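Colleague: This structure is in structure tokens; I'll ask about it shortly.
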Amino acid sequence: MNNLSQKPQVLLHVCCAPCSPYVVDLLSQDYTPILYFYNPNIHPHEEYALRVDEIERFARGTGNALYCGDEDTDLFFDAVRGYENEPEKGKRCEICFKLRLDKACTFAQSQNIKYVTTTLTVSPHKCAKTINRIGAETAALHNVIFLAENFKKNDGFRKTVQMAKQYSFYRQNYCGCIFSKKN
């Protein structure tokens with residue numbers, strides 16, 4: 001950092017635009033959030049493209065830098081092969097979290113960004129304890145620090161839903177994984 005008063009950067013893995021506003025606002029109090037969209041679980045391609053469009057619109061509106069990883073759908077399907085019938089919050093989700101957070105930590109390390117976290121914990125359908133454990137383990141492998149947060153606390157999910165409505169975001173009804181859509 002060139003300026004001592006400058007806030008440290010945090011790479012924020014974003015799962016979608018609707019889950020991002022509250023988390024970005026909260027993190028902006030102490031950090032400069034850099035958005036990173038890497039979600040190979042999102043299927044079909046039309047859904048993926050729509051979510052990319054929405055997060056790009058959000059980043060333009062807030063002025064936050066945004067980096068998008070590759071779609072990598074085949075990598076996701078290979079990683080979860082054999083776990084297709086797992087319930088939501090099961091082993092398939094853990095594999096998916098690790099895949100996404102590993103890519104985020106790799107990117108943060110390559111950009112010399114010390115801190116990493118994710119919007120995933122704002123969802124009431126995701127277990128923050130599991131995500132934070134996987135995030136910390138993955139960050140340690142990449143010499144970055146995972147900020148273990150539970151963004152759904154203090155009414156975070158309700159707040160992000162309200163903020164997403166103000167942006168008129170497309171609001172999906174599943175995490176993106178075709179297998180969870182069946183549940």
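Positions of Cβ are set from backbone N, Cα and C atoms, glycine also.
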Colleague: Per TrEMBL, which of C127, C177 is disulfide-bonded to C175?
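Modeller: Out of the candidates C127, C177, the one TrEMBL links to C175 is C177.
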Colleague: For C93 ([4Fe-4S] cluster binding site), what is the tally of other C-beta atoms lying within 10 angstroms of its C-beta?
Modeller: 26
Colleague: Note the Cβ centroid of C15, C16, C93, C96, the recorded [4Fe-4S] cluster site, then list each other residue of that chain whose Cβ lies within 8 Å of it, in sequence.
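Modeller: Leaving out the recorded residues gives N39, N41, F97, R100, L120, S123, K126, C175, G176, C177.
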Colleague: So how many other Cβ atoms are close to C177 (disulfide bond), meaning within 10 Å of its Cβ?
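Modeller: Excluding its own Cβ, C177 (disulfide bond) sees 21 Cβ atoms within 10 Å.
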